[in-house]
Amino acid sequence: MSDNDTIVAQATPPGRGGVGILRISGFKAREVAETVLGKLPKPRYADYLPFKDADGSVLDQGIALWFPGPNSFTGEDVLELQGHGGPVILDLLLKRILTIPGLRIARPGEFSERAFLNDKLDLAQAEAIADLIDASSEQAARSALNSLQGAFSARVNHLVEALTHLRIYVEAAIDFPDEEIDFLSDGKIEAQLNDVIADLDAVRAEARQGSLLREGMKVVIAGRPNAGKSSLLNALAGREAAIVTDIAGTTRDVLREHIHIDGMPLHIIDTAGLREASDEVERIGIERAWQEIEQADRVLFMVDGTTTDAVDPAEIWPEFIARLPAKLPITVVRNKADITGETLGMSEVNGHALIRLSARTGEGVEVLRNHLKQSMGFDTNMEGGFLARRRHLQALEQAAEHLQQGKAQLLGAWAGELLAEELRLAQQNLSEITGEFTSDDLLGRIFSSFCIGK
C-alpha cells in the first residue's frame, strides 16, 4: 500500500438510497474516467454518461464530475461518479474500477488526509469535516462549518503571527545588549505579551464553548433506591425513557439519554440505586453505577425529601460523599417537593448547588436545566463560534502556561533567553492545532476516525 496509489471509496452512506457516489483520487483517476466512461468529462461540469463494465455492457448511468488537480478537494485528480444508490449497483461499479491496476480502496479519512498533505486544508479544518458530519445539533453544525471555513485556524494563526513578531523583538534585545535602550525593561515587550495573553484567553474561552458543543456534558444521576432518579431522567429527557415504579431497585442497569439544552449536548445517565446488593444482577448494576460516577463531569445527588430534612450531602450520606472523586462537582437535588411543600428553586450548601424540585410533576426541572448549562460555562449567545477538540484545548492550555512562565521570567529576572524559549514553546503548541508541527502518529489517529469516503 502506497500513499501514491489512486484510491476509491463510496462517499455516500451504505445501504439503499436515491443516489450513490463513488469518489476516485490520484493520478489514475483520468484512466478510470476513460475506461469506465469512455471519455474524459469537461472539468467541473456535470456530464450524464453510462458507466460501463469491462465487456462494454452498461452497469449504470449517472453524473460524472471531473476535477483535475491541483484544483480539487484533495489537490490530486479527482473523479466522482454519481449513480443510483443501490448497494448491488455500487458494488458492481466499485469492483469494475478496482480491476484497473494501481487502484485500491481508500483508508478511513484518506481523502481528507491527502487534502491536508497537499495544503488544501489545515489540520483543524480537516477535523472539522468529521465534526460537521457528526454534529448532533444545529448550533454544533454551524460551528463545525465555521471551523471548516477557517474561523478557528484564523484565530490561531493570528496568535502565531503575534508571537513571531514578539520573538523577533525579544531576540533582537538579546542579540544587541549594548544598545542605549533596554528593550526588555522599557515596558513594550510586557505590553505586547499581555496583549497576546489576552487574545489567547479569548480563544480559549471560545474553544471551551466549542468543545462543549462537540463533546457535551456527562451527568450521572446517583443516590439511594427510590429517590426519584429515573423520574428525573424522564423529566429531563421529556419522555418515558426509564421504567418508574414504587418498588426500590427497579433500575438495575445503566440507562443513557442524549438531549440538548439550548444547543448544548447533555449525556444523562441514570444508575441503579446505591445500597447493599440483594443479588448478583443488582451487584453488577451498582458496580457499573460507580464506574459511570467516576467518569462524570457532574453528579446529581438525588435525595428523597420525604426521608430527611438535611441538605448538606456530607450529613445526608457521608459514606457516599467520601467515595466520590475529590474534584467531582456535585449538585444536591432534593426531590418530591410537591409532597414536602419545600420552596422550589436553587440555593447553596457548603459549596454545593442545592436544587429543590419535583421530578414527578416537573416543577423546578427548568431550574436544574439552567444550572447544568451555567455550571459548564455554556453561553447560548456566543455567535460565530467554532468547534474544538480536547487536543485543541490541551494545546491552548499549554501555550497559555508557557506565556505565563515567560512573563514571570521577564518581570522577575529580565531573563530574555528564557522568555524567548517560552515564546517558542507557546508558538509550537499553537502550531500543533493547525498541523504545522504534528507527529505522524497523531495524524494517523485523527484521520482513522473519519468515514471511508472522506
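Even glycines carry a Cβ here, placed using N, Cα and C.
According to Swiss-Prot, the protein has these features:
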type	residues	note
BINDING	ARG23, GLU80, LYS120, LYS454	(6S)-5-formyl-5,6,7,8-tetrahydrofolate binding site
DOMAIN	216-377	domain 'TrmE-type G'
BINDING	ASN226, THR245, ILE247, THR250	K(+) binding site
BINDING	226-231, 245-251, 270-273, 335-338, 358-360	GTP binding site
BINDING	SER230, THR251	Mg(2+) binding site
Key: Inter-residue C-alpha distance, SER230 (Mg(2+) binding site) and GLU80 ((6S)-5-formyl-5,6,7,8-tetrahydrofolate binding site) (nearest angstrom)   = 50
Query = By a simple count of other Cβ atoms within 10 Å, which of ASN226, SER230, SER358, the binding-site residues in the record, is least packed?
reply = ASN226
Inquiry  = In whole Å, how far does the CA atom of SER358 (GTP binding site) lie from that of ASN226 (K(+) binding site)?
reply    = 13
Key: pLDDT averaged over every residue in the domain 'TrmE-type G' (216-377)   = 82
Query = Measuring Cα to Cα, how many angstrom lie between GLU80 ((6S)-5-formyl-5,6,7,8-tetrahydrofolate binding site) and ASN226 (K(+) binding site)?
reply = 58
Ask   = In sequence order, which residues at least six apart in the same chain have a CB under 8 Å from the CB of LYS120 ((6S)-5-formyl-5,6,7,8-tetrahydrofolate binding site)?
value = PRO70, SER72, PHE73, THR74, GLY75
Inquiry  = Quick check on the binding-site residues: of ARG23, LYS229, LYS336, whose CB has the lowest count of neighbouring CB atoms inside 10 Å?
reply    = LYS336
Remark   = Taking only the CA atoms, the spacing between LYS336 (GTP binding site) and ARG23 ((6S)-5-formyl-5,6,7,8-tetrahydrofolate binding site), expressed in whole angstrom, is 58
Request  = Express the distance between the Cα positions of ASN226 (K(+) binding site) and ARG23 ((6S)-5-formyl-5,6,7,8-tetrahydrofolate binding site) as a whole number of Å.
outcome  = 55
Task = Taking the Cβ of GLU80 ((6S)-5-formyl-5,6,7,8-tetrahydrofolate binding site) as the centre, count every other Cβ atom within 10 Å, in any protein chain shown.
result = 21
